[in-house]
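Novice: Just passing along the structure, written as structure tokens.
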Amino acid sequence: MSAISLINSGVAWFVAAAVLAFLFSFQKALSGWIAGIGGAVGSLYTAAAGFTVLTGAVGVSGALSLVSYDVQISPLNAIWLITLGLCGLFVSLYNIDWHRHAQVKCNGLQINMLMAAAVCAVIASNLGMFVVMAEIMALCAVFLTSNSKEGKLWFALGRLGTLLLAIACWLLWQRYGTLDLRLLDMRMQQLPLGSDIWLLGVIGFGLLAGIIPLHGWVPQAHANASAPAAALFSTVVMKIGLLGILTLSLLGGNAPLWWGIALLVLGMITAFVGGLYALVEHNIQRLLAYHTLENIGIILLGLGAGVTGIALEQPALIALGLVGGLYHLLNHSLFKSVLFLGAGSVWFRTGHRDIEKLGGIGKKMPVISIAMLVGLMAMAALPPLNGFAGEWVIYQSFFKLSNSGAFVARLLGPLLAVGLAITGALAVMCMAKVYGVTFLGAPRTKEAENATCAPLLMSVSVVALAICCVIGGVAAPWLLPMLSAAVPLPLEPANTTVSQPMITLLLIACPLLPFIIMAICKGDRLPSRSRGAAWVCGYDHEKSMVITAHGFAMPVKQAFAPVLKLRKWLNPVSLVPGWQCEGSALLFRRMALVELAVLVVIIVSRGA
């Protein structure tokens, strides 16, 4: 099948699954199976379409029969299709068993509509249609938040972003006479994109991507959402915002230097602040949401380095920045899916998202524990996992940036490398905190003490994603060259070599060699260790005698107290008169429903 046929089939499966899951919502288990199987098949078709185009290194165009509008699949947006497809596949399978919980509501309609709209946004050949599909996707996501109160901030900020994007589209139409992306690209080679339109687009799409300080909705939306929904927020919804920013920045191929510098600065702020705020959180989903912000910043660092390379006309910097950013985009979606779904499995058996109320889960849920350890290590960019591979290439782009001709670039290169290293250290601390407090030690509550293994499909989905994280790191030398086809600019092969992380992995592994030999050769010469109760100075061991998440984060909290105090200023919406009113949340929910219904009717009538 051609890539266009695969996409048509995938979108059709998503839509059919959404409708049927809604019709059978009176039977929750059956609705879950319909939504899960349909979503999994649609995701497989989506990933296959992206893989076909990426390996062929040639873009294709055609029509999406269901809505009757032109689409294009380039090697660049094929990476988004692969990301959406892989994550959607395992989230859909996981969602089948998720529906078995008594407190879970049917979500097949919203999840499959979200996936269909996201795919349509990725392949849109018209910027206006891109914005409309992204709007439908975001509205579906609003209804996946746990309640109207937590979704109202997302709705308010999302409508602001849509308004800015609508103004940007109107200005583009006035200036260039079209919103077709191919025509815009050709015309902008003669008349470059104005910085006013670019700023409107970056703010509008930045609200969707959660770039700090436009991130206010992110922790609220993730905190108490269902695990499949939270996973899709981070791996699908926010990544569409990044695609919009990159698309605008690459139009015409003549971006000014300050665009790239602005993206680099925003990326560094988002990465550092997101990692810092994550460390002081104890709700695991809110913590992971802040870590999503950190990784959005890291991806933006890579994309910003690529845009800076365009301005400086340095093909090597373009390749390193874009390839590193795109690879980390894929990798982040994989390991963040592991973490959200793994955290959801723990909630499924314990009813707790506060890690202070857990502990000892590793013995109760060993499969989920090991998969979560892999995901946390990937999040901390530890080798040989996929989180390390993408960041390593981004580090190389900073080294290349420090050797460029522009003074500001030479200044930023070392500073960004140091900033990313500090952010990585915060991620390692957060990994130790989450895994140590949640999965090690003694259970702190009866629910944690009585936890059992997660259901089969939930465990299989989490483990499969963890295996993908390992493959993404170990197979990076073979996967990274494939992404070079996604760089939409002619490159000079002699000047765009990427140092493969495998060499670095071997260098890091060398110090471990003596310990490996000792473990193999020790035999029975050393006495085996005996285990007993922990010694606590003559007192009986109590469950409270364990390190807490609050105590673990306290040194960092004290060291960065001035930065942490900015949280209220970075999210000043609570100061808006009437914002805390309960009626406003319900009003926004109804407005979102009306807007979603209108947009769906328009799209369906267009297809008919």
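From the backbone N, Cα and C atoms, a Cβ is placed for every residue, glycine too.
Copied straight from Swiss-Prot:
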TRANSMEM  10-26  transmembrane segment
TRANSMEM  44-67  transmembrane segment
TRANSMEM  76-93  transmembrane segment
TRANSMEM  116-140  transmembrane segment
TRANSMEM  153-173  transmembrane segment
TRANSMEM  197-218  transmembrane segment
TRANSMEM  229-251  transmembrane segment
TRANSMEM  258-280  transmembrane segment
TRANSMEM  296-312  transmembrane segment
TRANSMEM  416-440  transmembrane segment
TRANSMEM  453-476  transmembrane segment
TRANSMEM  502-521  transmembrane segment
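Could you place these features in context, so I can see how deep they sit and what lies close by?
Specialist: Within its own chain, the transmembrane segment (153-173) is flanked in space by residues 127-128, 131, 135, 138-139, 141-142, 145, 179, 184, 194, 196-197, 200-201, 203-208, 214, 216-217, 220-221, 244, 573, 588-589, 591-592, which lie at least six positions past its ends and keep a Cβ under 8 Å from the stretch.
If one looks beyond the transmembrane segment (296-312) by at least 6 residues along the same chain, the residues whose Cβ comes under 8 Å of a Cβ in the stretch are 209-212, 238, 242, 245-246, 249-250, 253-257, 259-264, 266-272, 274, 318-326, 328-329, 332, 390-391, 393-394, 397-398, 400-401, 404-406, 409, 416, 420, 423, 487, 489.
Remote same-chain residues near the transmembrane segment (416-440) are listed as 264, 268, 271-272, 275-276, 278-279, 284, 287, 291, 294, 297-298, 301, 346, 355-356, 358-362, 369, 372-373, 376-377, 379-382, 391, 394-395, 398-399, 401-402, 546-549, 552-553, 556 (criterion: CB distance under 8 Å, separation of at least six residues from the stretch ends).
Long-range Cβ contacts of the transmembrane segment (453-476) within its own chain (Cβ-Cβ under 8 Å, at least 6 residues beyond either end) map to 36, 86, 90-91, 93-94, 96-98, 100, 327, 330-331, 334-335, 337-338, 341-342, 344-345, 348-349, 364-368, 370-372, 374-375, 378, 383-389, 500-502.
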Novice: Counting only pairs at least 6 apart in sequence, do the transmembrane segment (44-67) and the transmembrane segment (116-140) share 3+ Cβ pairs under 8 Å?
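Specialist: Checked: the transmembrane segment (44-67) vs the transmembrane segment (116-140), in contact.
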Novice: Considering only Cβ pairs under 8 Å, which range in 116-140, 229-251, 258-280 makes the most contacts with the transmembrane segment (10-26)?
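Specialist: So the stretch in question is 116-140.
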Novice: Who are the chain neighbours of the transmembrane segment (197-218) in space, where the CB to CB distance is under 8 Å and they lie at least 6 residues beyond its ends?
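Specialist: For the transmembrane segment (197-218), the sequence-distant neighbours (Cβ-Cβ under 8 Å, at least 6 residues beyond its ends) are 134, 138, 153-154, 157-158, 160-165, 167-168, 171-172, 175, 233, 237-242, 244-245, 248-249, 259, 262-263, 266, 269-270, 273-274, 289-290, 292-293, 296-297, 300, 570-571, 573.
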Novice: Which sequence-distant residues neighbour the transmembrane segment (258-280)? Criterion: at least 6 residues beyond either end, Cβ under 8 Å.
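Specialist: Cβ under 8 Å, 6 or more out: 195, 198, 202, 206, 210-212, 215, 219, 245, 249, 287-288, 290-301, 303-311, 408-409, 412, 416, 419-420, 422-423, 426-427, 429-430, 433, 553, 556-557, 560, 563-564, 567, 570.
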